[in-house]
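Below: one structure, written as structure tokens.
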């Protein structure tokens, strides 16, 4: 089965919550520094070649992507020009994007759809803010501005519809409740920039953060004076961290050291898998909600491999798709 090659450098990857083999890949030209972008939607097939379902070109790089939790054809993309764009797979490329939300004053770096309420999403930006949006409004519902530097990541709590976390270059992670006037918790999680955060899918009080300091840390927001676990093993900044949707103690991370690491933070020897398939920075990773053990990573080496390709690597019953 041939590999699928993207024309630009990979930035983010996201599995569909509706279709087992469907994957969205966000890419940016010239390593995201300057140039165009493209959003790919592909179907992975164990018995045949990868199929590209759609591709949407942008004038600026695409830094992140998130699927709607209520419409199987709707995607939300974070764009380097500061906009958030909505795409509908049921419409031709000429009719997309169906909406462009331009409020951030610098690059939009992350987007995350609310899996509980299913009618709203958040975006985070290098303009130091997080914005709350709903599908039916052309303007944001609210702007959250407390961080003192770029907000690289924002993620909804998997159980509480009004709660999200944000990770910033100001070395803090913050917990927010959209019903409150300001953040409800400030977590000085690292001494260097925090690049990513994610919630445990089985314990709504546990989050993970990743940082330029090469570490992943796990925190319990009920007692956050010291981390629950510190995961060391990457050689450079850890760009993305994700909790498994199927195993409460399993985390996957990717790094500028070109590796993807898998961890079990509840055991002493926490590093349970390392994948060195990328030949450039590994900058995005995701785990399938629908297929236990299925994950994908994306890097700046522009290649997509199917799960049953020769490059598949195993750790227990976890299957790696190389992107």
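Any Cβ shown, glycine's included, is placed from N, Cα and C.
TrEMBL does not curate its annotations; it predicts them automatically.
Feature list (source: TrEMBL):
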DOMAIN    149-263  domain 'EIPR1-like beta-propeller'
REPEAT    101-143  repeat 'WD'
REPEAT    144-186  repeat 'WD'
REPEAT    187-229  repeat 'WD'
REPEAT    231-264  repeat 'WD'
Just give the helix, strand and coil counts over the domain 'EIPR1-like beta-propeller' (149-263), going by DSSP. 0 helix, 58 strand, 57 coil
Would you mind listing the long-range same-chain contacts of the repeat 'WD' (187-229), meaning Cβ under 8 Å and 6+ residues beyond its ends? 149-150, 152-160, 165-175, 235-245, 248, 251, 253, 255, 263, 265-266, 270
